[in-house]
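J.: First the structure, then my questions, so here it is.
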Amino acid sequence: MQNKIDYKNIKKIGLVTRPNVSLDKEILKLQSILSIYKVELVLLKESSEILDLPKYGLDDLFKISDFVISLGGDGTLISLCRKACEYDKAVLGIHAGHLGFLTDFKVDEAENFFQAFFQGEFRIEKPYLLSVFLEDKQGKILEKLAFNDVVISKNNQASMAHIEVFRKEKKFNEYFGDGLIVATPAGSTAYNLSANGPIVYTLAQAFILTPVCSHSLTQRPIVLPKGFEIEIMAKDCILCIDGQENYKMNDFKSIKVGLSDKNVALIHPKNRDYFQILKEKLHWGN
């Protein structure tokens, strides 16, 4: 994954907005800022119907851009990060709406950011994703990536989920309840946190198993290391990747999950403080 950005030779920056939201005013402001540095802003086709700016499909946008801006919330950034892995391109998150854990600043602050950026004043962080291997009943394997989490939940709200977890063909644990969350460190502040899972530092090489409303008082979240692959078996359950892709577990004979070797390069302001963000979002201290 991209370790360095040649900030002195940036020619094109791609931009993707959250769907079904008009952000033309914000896009024009970003274009105006980038034009100062002789950088062309190019858009995903769906990002604006009105603006007269170059527009491309997502694959072509990644191919021609030096890096890509996600303009929206954490959800927009999450889906973009999975695609960024395919093209070894970095992503910058600018939020439009509520401040998330992943997007750092609003468009109103972009002028200051890019002034520093084009002087080399920025940082790159590379959180790891989850690899998900879904093997169907014909033996065909579908590989997917998850930036935040993989959630196994009951298909029928009236029933209880029964989820078995194996490691090297030996049963590792068994869960009865509403479901199970497999979260990355970056995703530890999302659904995992709501289910009383631990917060894990974003760049840690680990992942988390957190039961959802377990019917046993002894079931607790556990943090597992990179290289620890689990197999998950559950009948009549749904597997959801990053809240965006759903699969019926009955359609697969094997589902394996572990921390991927793949990471995504996220561009941040140089003064970004992860723990200050936690303090502000979670109201720690004064």
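Glycine is treated like the rest: Cβ placed from N, Cα and C.
From Swiss-Prot, for reference:
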- Asp74, Gly75, Asn148, Asp149, Asp178, Ala186, Thr189, Ala190, Tyr191, Asn192, Leu193, Ser194, Gln244: NAD(+) binding site (BINDING)
- Asp74: active site, proton acceptor (ACT_SITE)
J.: What whole-number value in Å do you get for the largest C-alpha pair distance within Asp74, Gly75, Asn148, Asp149, Asp178, Ala186, Thr189, Ala190, Tyr191, Asn192, Leu193, Ser194, Gln244, the residues recorded as binding NAD(+)?
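T.: Between the most distant Cα atoms of the NAD(+) site, 25 Å.
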J.: What number of additional C-beta atoms lies within 10 angstroms of the C-beta atom of Asn148 (NAD(+) binding site)?
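T.: Step by step: centre on the Cβ of Asn148 (NAD(+) binding site), count other Cβ atoms within 10 Å, giving 30.
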J.: Name the residue among the binding-site residues Thr189, Gln244 whose Cβ has the smallest number of other Cβ atoms within 10 Å.
T.: Gln244
J.: Give the three-state DSSP assignment (helix, strand or coil) for Gln244 (NAD(+) binding site).
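T.: Reduced to three states, the DSSP call for Gln244 (NAD(+) binding site) is coil.
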J.: Output, ordered by sequence, the same-chain residues six or more apart from Asp74 (NAD(+) binding site) with a CB under 8 Å from its CB, or 'none'.
T.: Gly93, Gly100, Phe101, Leu102, Thr103, Ala190
J.: Using a 10 Å radius around its CB, how many other CB atoms surround Asp178 (NAD(+) binding site)?
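T.: Excluding its own Cβ, the number within 10 Å is 17.
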J.: Excluding near sequence neighbours, so keeping only residues 6 or more apart in the same chain, what lies with its CB under 8 A of Leu193 (NAD(+) binding site)?
T.: Ile199
